[in-house]
Amino acid sequence: MALPFALMMALVVLSCKSSCSLGCNLSQTHSLNNRRTLMLMAQMRRISPFSCLKDRHDFEFPQEEFDGNQFQKAQAISVLHEMMQQTFNLFSTKNSSAAWDETLLEKFYIELFQQMNDLEACVIQEVGVEETPLMNEDSILAVKKYFQRITLYLMEKKYSPCAWEVVRAEIMRSLSFSTNLQKRLRRKD
């Protein structure tokens, strides 16, 4: 999908803002961005989830990757970044743009993009801080496979409104897990 010029400019400004800021700060501001993302996802609902019960599917969310206790901070942040990146990719497809209100979708893109930039700055800083920044490739691969299952499901369901509703609810659930991981990381600081 070709992003509108105004949205592209907003993303460039956000990119410059987070690139120029110093340090990793998974602050209350970042938590507020997460809540706004979840609120936007809730507002994007177009049909009742109850009308789509027959389409429910277990996408096998890799919850163990979001437990956060076994990770170094850089590893956990890398997993969070991958989650945001894959969510952005999923919702920026041509089939996705047809399923959602364009204004809400653009706001959603901006929130996700800001979070990705914030997390990227944190990864860069944390890799320099930790002695052995072993990036947990298995965890990142688990997140990618999770999104591959979601994409395959949408294709099998021919991107139906109910399939998108099931996916929207699933992404809200996964974003809630990522929000909880971020809270645990902030408490460690």
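Note that Cβ sites are derived from N, Cα and C of the backbone, with glycine treated the same way.
Feature annotations, reproduced from Swiss-Prot:
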type	residues	note
DISULFID	C24-C122	disulfide bond
DISULFID	C52-C162	disulfide bond
CARBOHYD	N95	N-linked glycosylation site
SIGNAL	1-23	signal peptide
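Cβ-based crowding with a 10 Å cutoff singles out C122 as the top-ranked of the disulfide-bonded residues C52, C122, C162. Counting every protein chain shown, the Cβ of N95 (N-linked glycosylation site) has 16 other Cβ atoms within 10 Å. For the pair formed by C52 (disulfide bond) and N95 (N-linked glycosylation site), distance between Cα atoms is given as 19 Å, rounded to the nearest Å.
In three-state terms derived from DSSP, C122 (disulfide bond) belongs to a helical segment.
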